[in-house]
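One structure is given here, and the rest of the page talks about it.
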Amino acid sequence: MNIHEYQAKQLFERFGVATPKGIAASTAQEAAQTARNMGLSQYVVKAQVHAGGRGKGTFKNGFKGGVHVVKSVEEVEEVAGKMLNQVLVTKQTGEAGKLVSKIMVAEAVDLKKECYFAILQDRARECPVIVASTEGGMDIEEVAATRPEAIIREHINPALGILPFQALKIAVALELTGPLLRQATKLITNVYKLFTALDCSLVEINPLVVTTDDRVCALDAKFNFDDNALYRHPEIMEMRDETEEDPREVEAGKYDLNYIGLDGNIGCMVNGAGLAMATMDIIKYYGGEPANFLDVGGSATEEMVTNAFRILTSDKNVKALLVNIFGGIMRCDVIAQGIVAAAKNIDMKIPLVVRLEGTNVEIGKKILADSGIAIIPADNLDEAAQKAVAAVK
């Protein structure tokens with residue numbers, strides 16, 4: 001789960017992480033009143049969408065940039081009016097863009113140094129890792145690819161938490177000196193406390209800045225939370241903005257289906273994440289384009305299969321479905337019954353390729369063959385992928 005930047009600032013304030021004040025607004029008039037109440041000499045107006053690259057983005061109404069620094073309340077109102085209820089297109093949104101329903105009015109600060117700082121889970125080392133760089137405000141992937149020596153990493157023992165020397169080590173590596181060291185070590189320590197307390201999978205600050213009046217603060221932030229731990233954080237769940245998410249992913253979540261939408265035209269329903277990724281790979285290998293990742297898990301019911309089919313066929317780009325099931329815990333006869341019922345319930349209009357293997361596979365194949373539905377059977381994954389690709393050509 002992701003949250004907006006203005007919500008990230010609220011969490012920073014809660015955990016004592018220094019950050020310029022920022023308040024969300026839903027109308028241009030509300031934005032102007034917010035700026036008036038703040039009473040600053042300059043403001044930054046930011047479109048609130050779950051996507052990076054806002055500053056270089058373009059609105060479909062022709063307005064350039066999702067981040068603007070302005071010097072008056074009147075300018076705040078004008079810029080907010082051009083952003084709100086308009087679609088912002090960035091390198092991360094794709095051509096469809098994202099509708100801006102909120103903007104944030106924040107304190108504009110003058111900078112003399114920008115750094116990159118993040119905490120995330122290192123799955124290989126099974127512990128959190130701090131990733132930092134003196135080259136902030138940039139695409140960190142580009143920095144890592146072209147100047148890997150500029151990336152600083154510090155692994156944290158989860159049993160001990162971040163130790164004072166580790167926070168200081170990062171601050172020194174970011175080339176901070178004097179009074180800035182104390183501020184930076186406090187900020188780094190508090191961000192780690194936030195990371196663990198809220199079950200985050202990522203807290204990214206880009207940039208972490210030093211202002212001209214010698215303040216160390218988090219200027220922009222991105223949060224990801226562990227969905228499996230959200231039940232412990234109802235206050236975080238309240239921050240969820242489903243309008244920013246793929247509606248198919250939201251719908252799939254209601255039925256415990258793991259779904260991620262893609263841009264292809266072959267819908268996939270598979271049991272097991274590894275098999276799902278292998279299925280997507282082999283579709284690509286044979287010249288096709290998968291439309292999604294969908295893992296129904298190991299205990300799919302007829303209702304789950306029906307809902308999965310309904311979600312897959314709601315994508316107008318999908319021209320064929322490929323079902324790839326390995327029956328271990330899940331029996332092939334049960335999944336076959338679910339496929340038949342689902343195909344009848346939603347009145348399937350597109351080619352359906354089914355590959356079954358495993359427990360009760362022969363019974364499952366007979367159920368499909370006797371169903372009267374135009375199912376395209378496949379005996380192995382190669383054959384299934386080739387038939388699915390052929391069906392959309």
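Even glycines carry a Cβ here, placed using N, Cα and C.
Marked as ATP binding site by Swiss-Prot on the basis of sequence analysis: Lys46, Gly53, Arg54, Gly55, Val109, Glu114. According to Swiss-Prot, the Mg(2+) binding site annotation covers Asn206, Asp220. Positions annotated as substrate binding site by Swiss-Prot: Asn271, Gly328, Ile329, Met330. For 9-251, the entry in Swiss-Prot reads domain 'ATP-grasp'.
This view paints the features noted in Swiss-Prot onto the structure.
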residue: Lys46; record: ATP binding site; contacts (Cβ under 8 Å, 6+ apart): Glu5, Gly22, Arg54, Gly66, Val67, Ile103, Met104, Ala106
residue: Gly53; record: ATP binding site; contacts (Cβ under 8 Å, 6+ apart): Thr90, Lys91, Gln92
residue: Gly55; record: ATP binding site; contacts (Cβ under 8 Å, 6+ apart): Gly65, Gly66, Val67
residue: Val109; record: ATP binding site; contacts (Cβ under 8 Å, 6+ apart): Pro20, Val209, Thr211, Thr212, Arg215, Cys217, Leu219
residue: Glu114; record: ATP binding site; contacts (Cβ under 8 Å, 6+ apart): Gly136, Gly137, Pro207, Leu208, Val209, Leu219
residue: Asp220; record: Mg(2+) binding site; contacts (Cβ under 8 Å, 6+ apart): Glu5, Ile205, Asn206, Pro207
residue: Asn271; record: substrate binding site; contacts (Cβ under 8 Å, 6+ apart): Asp295, Val296, Gly297, Gly298, Ala300, Ile325, Phe326, Met330, Ile335
residue: Gly328; record: substrate binding site; contacts (Cβ under 8 Å, 6+ apart): Gly298, Gly358, Thr359
residue: Ile329; record: substrate binding site; contacts (Cβ under 8 Å, 6+ apart): Gly298, Ser299
Per DSSP, three-state class assigned to Lys46 (ATP binding site): strand
Cβ neighbour count within 10 Å of Asn206 (Mg(2+) binding site): 22
Surrounding CB atoms that lie within 10 Å of the CB of Met330 (substrate binding site), all protein chains: 20
Glu114 (ATP binding site): secondary structure state under DSSP, collapsed to three categories: strand
Cβ neighbour count within 10 Å of Arg54 (ATP binding site): 22
